[in-house]
């Protein structure tokens, strides 16, 4: 399939072919020599490829004109003044703005080659559409829509893309001195990255605001409606009368569904009506979300963070960051959150922001046509996603650095910071949280923590690691069962069943019935005197005098707190079980908020226990001197915050970014040390019980070729043990001057390799270079279509010299697509070094040699398979190339 599609693409010229190789030093020297006037009048030729043209970029040729004239080239030639051929091509969908269900048809436009100058002695060659750097030689012209450098489910070549961008940048810097227009273009190229992340930040903030507002309105719709203005949620409906939104009975302007049908707020009939409408609205929202995902954007389900990590590591998943995915993910996220399912919208916001970044990157060819450069924008977009999800811009930058990004240079750090800043500013302007703060759970604690509390804080960290590991194992078990059973064939039915069970179970419990964000805020908040809206604040308050004769306020638990603790324990186990079955369904679903809720429940209960211990034994030595007049010694809400951080850390294995997100999330900057202690304890315990966090576990479950840079390769194998083929097997190679077109096509049909080594001969297999499968398909298709006399018996040459006698059909010259400097290792190179090369250089493959002779090839897939074999895991779980 790939071969048939690729053959439809004609090569766009000499320089495009040269761009596919890595002979950049030679090419750049050619540019410098010609630009410096070392080639006589050719540099001044207005039609010469190096002449200054409107929107032109440097073009290179790796061979001399004399060599070009010796044999038939694979690029079409035309005389001065002729009109170049135009072609109709059917292109593959682009990574950026097309979903996997869209197809586009691109047309080459007419391109005229102007003549009329006596300096056109060597301008008989066809002027290519693109340069070696991938940029259009005539920038205002249209490119082929949808054409990409890599196939779907393939890995990018970081070194090649970065080298292409360096060549493009050097040429632009040199051209800035030629004219004012070139100076403007150079300036535009310099600030295009900042402009791109600015647009991404603005768009991410706007989309996040709409998602927050829509989810809030639809969540309240399950309970009632505002008759005066149905588009108001409950909080907005109660604003004009300044009434409480926590007690429905105190807000007369908000009408519950029993009141709409003429019943009272209270009573058995009203309860039944509310129950039924709650479940029906939940089923409607969940059915809409699952149906939209299934029909329009299958990639819009789940969290998206595992796939984002894989894409940022250099993997191609076409359509995953497309416009349809963005639209359906945004709408489906509002619906799934409103359905009351045990999920959050914070994780999917990273996916939504990455879709926005991917789409905007195509407005700037510098990023849209270079996959490695595009991932710099995607890293900044991921930071903006966390920024708008929690109102935590600094935490978003650190999350992108620590958790999702694979290649994160300093320049990307600055742009990520700027993008997160803009996104948070836009979100703050929309005020979706309904208060004067830009954070999700604002708390104000004035009581400092004491040294003794580090013990329960570390205990919460240990429990967070245990709960996180249990959740990961249970969720993976259920996801495997879904994947390999008939259940996976009925995704919408599964969503409806889980939603029905969730609605029926959660409505009777007031803690499970309310929105999870509201419950977390309730657990984080501090009790104040006379607080009746929070059932956790039913304390019997009195003043006693301690041994130091200072009057302090102590609190004794009332019956409301005991009842609330019982309901919270039930809520904990219900939410834990429901999250296991919910995460991974075919609806947009995040994991941050459910994890925070589980930890907040655990932390609040532990905090109440420690508070009662301090109340019962106020004169214990570690409390001496710590009591402050008029304040409680222990703050249970702080324990809820620490517990939430511990559980989220146990699930995701984040550390630095987690702590920053938590203190930005709550505004509790003074409690960084307790958060750090709990986060480290959670990670240590989690790593001891299971190596992978939830995102890495789902990457392994889906078989994505992700080579984790955090893990160490501790085995003592050699490159010869991993290379393909083995020593007693045949190596598929291409000879530099003895294979025909039929031989090449037969090799392409019989093998599925992404590239082929080029050697001197089959008897003398000294390495010459490496050629990509895609380039071979393009070159052969172009040669057959536009060069007369080419047949299946034509010799394919990867050298600069023609054979001495050539009585048959004209040969096809393909040296320009040959990578003459592939990365190589010897057969005795330790695999530890090879793995580091793949991680840090972003290689697709490396060639294995012995005394200069080619032995085999090691691809990224081979490395992943070997790592799994050495770890006693199934190597066949790596699915893609």
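From the backbone N, Cα and C atoms, a Cβ is placed for every residue, glycine too.
Feature annotations, reproduced from TrEMBL:
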type     : residues : note
REGION   : 36-148   : region 'Disordered'
COMPBIAS : 53-64    : compositional bias 'Polar residues'
COMPBIAS : 86-98    : compositional bias 'Polar residues'
COMPBIAS : 100-110  : compositional bias 'Basic and acidic residues'
TRANSMEM : 191-211  : transmembrane segment
TRANSMEM : 272-293  : transmembrane segment
TRANSMEM : 326-344  : transmembrane segment
TRANSMEM : 377-401  : transmembrane segment
TRANSMEM : 413-430  : transmembrane segment
TRANSMEM : 450-472  : transmembrane segment
TRANSMEM : 492-511  : transmembrane segment
TRANSMEM : 561-584  : transmembrane segment
TRANSMEM : 591-613  : transmembrane segment
TRANSMEM : 633-651  : transmembrane segment
TRANSMEM : 658-681  : transmembrane segment
DOMAIN   : 814-875  : domain 'CBS'
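Long-range contacts of the transmembrane segment (413-430) within the same chain: residues 193-194, 197-198, 200-202, 204-206, 208-209, 212-213, 353, 376-377, 379-384, 386-388, 391-394, 396-397, 400-401, 438, each at least 6 residues beyond the stretch ends and with a Cβ under 8 Å from a Cβ of the stretch. If you count C-beta pairs under 8 angstroms between the transmembrane segment (191-211) and each of 326-344, 377-401, 450-472, 492-511, 633-651, the highest count goes to 377-401. Contact between the transmembrane segment (633-651) and the transmembrane segment (272-293) is not supported: fewer than 3 Cβ pairs lie under 8 Å, counting only residues 6 or more apart in sequence.
The recorded stretches the transmembrane segment (272-293) and the transmembrane segment (561-584) do not share 3+ CB pairs below 8 A when only pairs 6 or more apart in sequence are counted, and are therefore not in contact.
Highlighted: of the candidate stretches 326-344, 561-584, 591-613, 658-681, 658-681 has the greatest count of Cβ pairs under 8 Å to the transmembrane segment (377-401).
For the transmembrane segment (561-584), the list of distant contacts is 302-303, 341-343, 467, 471, 474-475, 478-479, 482, 498, 501-502, 505-506, 509-512, 519, 535-539, 591, 594-595, 597-598, 601-602, 604-605, 608, 694, 698: same-chain residues at least six beyond its ends, Cβ to Cβ under 8 Å. Here the domain 'CBS' (814-875) has a mean pLDDT of 88 out of 100. Within the chain carrying the transmembrane segment (492-511), a Cβ under 8 angstroms from the stretch's Cβ atoms is held by residues 274-275, 278-279, 282-283, 286-287, 289-291, 294, 339-342, 482, 519, 535, 564, 567-568, 570-571, 574, 578, 581-582, 585-587, all 6 or more beyond its ends.
Sorting each residue of the domain 'CBS' (814-875) by its DSSP state yields 26 helix, 18 strand, 18 coil. Sequence-distant contacts of the transmembrane segment (658-681), counting only residues of its own chain at least 6 positions beyond either end whose CB sits under 8 Å from a CB of the stretch, comprise 386, 390-396, 398-399, 437, 439-445, 448-449, 453-454, 457-458, 460-462, 464-465, 524, 638, 641-646, 648-649, 652.
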